[in-house]
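Feature annotations, reproduced from TrEMBL:
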DOMAIN    8-166  domain 'Kinesin motor'
BINDING   G95, Q96, T97, G98, S99, G100, K101, T102  ATP binding site
COILED    240-274  coiled coil
REGION    287-314  region 'Disordered'
COMPBIAS  289-300  compositional bias 'Low complexity'
Amino acid sequence: MAPPQVEGIDIYVRIKPVPKASNRLVVDNAENKIEFNIPRNESAGLVNNQREHFEFRFNGILEANAKQDEVFERVARPVSNGAMEGYNGTIFAYGQTGSGKTFTITGGPERYVDRGIIPRAISAIFSEVSKRHDFQYAVHISYLEIYNNEGYDLLDAEREIKAIEDLQQVIEENKALLKSKYDSAKGLGATVNDSKAAINGLRATIEQRRMQRAAAAASQGLALEELEEDPEETRCKAAMEQEKSRYKDAFGQLRELKKEIEHLHMLLEQSRTRLQRDFEQWMGLMLRQQQQQQAGQAPGAGPPGPSQGASPQP
């Protein structure tokens, strides 16, 4: 096997399939390029320098119809081949929650064809080892999880109780954080409502002052432009611009806070589901260990006593 060509870090993007594809996404496979076209937010006003076009280039693009075997062959096969030749290799999946990282790396639990990069890489390595009769290999596997800056060995059976306790603590922390976000949203909502009411009040005052000035101009036989500028109207205009700015800032913060709250809700639901699953797995493990202990004892015989110098069966 020829040594792999080392060219640095290759970056691939995988597009997650969705029920309805967005017309704002343009994929150029010939150039390995993805473009996003985001229309400007009209509510931002006439003076709006918001960027509308974004362009990103990659070493390869895996479109929504890409299967797991294609992902492995294009992304992971060169890395596993390089490892067999003595080259260190890393495959790192990055993306937001729900983007498909676990499915890509680990795979789906229902169908064999949905195996992810990890099981396919293990199969590829052992398949290659079986072909190399002139070499000796020692293969070590570790399966780690890093969650909230804590590392967990997923192959260690002793971690189950601690993991469940830690997960419950995470749920409580997220609940407290969610409450604080709700409190902040309540305050921002009040600010938005106050600013909106103030803007409406100032607008009504301005309209009333203009009507009064128009009536005064008509009674004097003058054009409205010939009257002196109304200082109260000028003050109201300046105050309204300030309230508009205050309203825009508070509304923008409220919109971002809404996204954070929705994300926290999703994390809480995922944590609760995971906690239930981990607890059921732990209970199943405890029951199996108990059955194994009972099966190890002779029928009708009790555990050996201390005077016999024996220890309990494992």
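Any Cβ shown, glycine's included, is placed from N, Cα and C.
Just so it is clear, the model here is predicted, and its values are computed rather than measured.
Sequence-distant contacts of G95 (ATP binding site), defined by Cβ-Cβ distance under 8 angstroms and a gap of at least six in the same chain, are K101. For the coiled coil (240-274), the residues of the chain that approach it from at least six positions outside its boundaries are 97-98, 167, 170-171, 174-175, 177-178, 181-182, 184-185, 188-189, 191-192, 195-196, 198-199, 202-203, 206, judged by C-beta separation under 8 angstroms. The Cβ of T102 (ATP binding site) lies under 8 Å from the Cβ of G116, each of these being in the same chain and 6 or more residues away along the sequence. The average pLDDT the prediction assigns to the domain 'Kinesin motor' (8-166) is 85.
Within 8 Å of the centroid of the Cβ atoms of G95, Q96, T97, G98, S99, G100, K101, T102, where the record puts ATP, the same chain has further Cβ atoms from K16.
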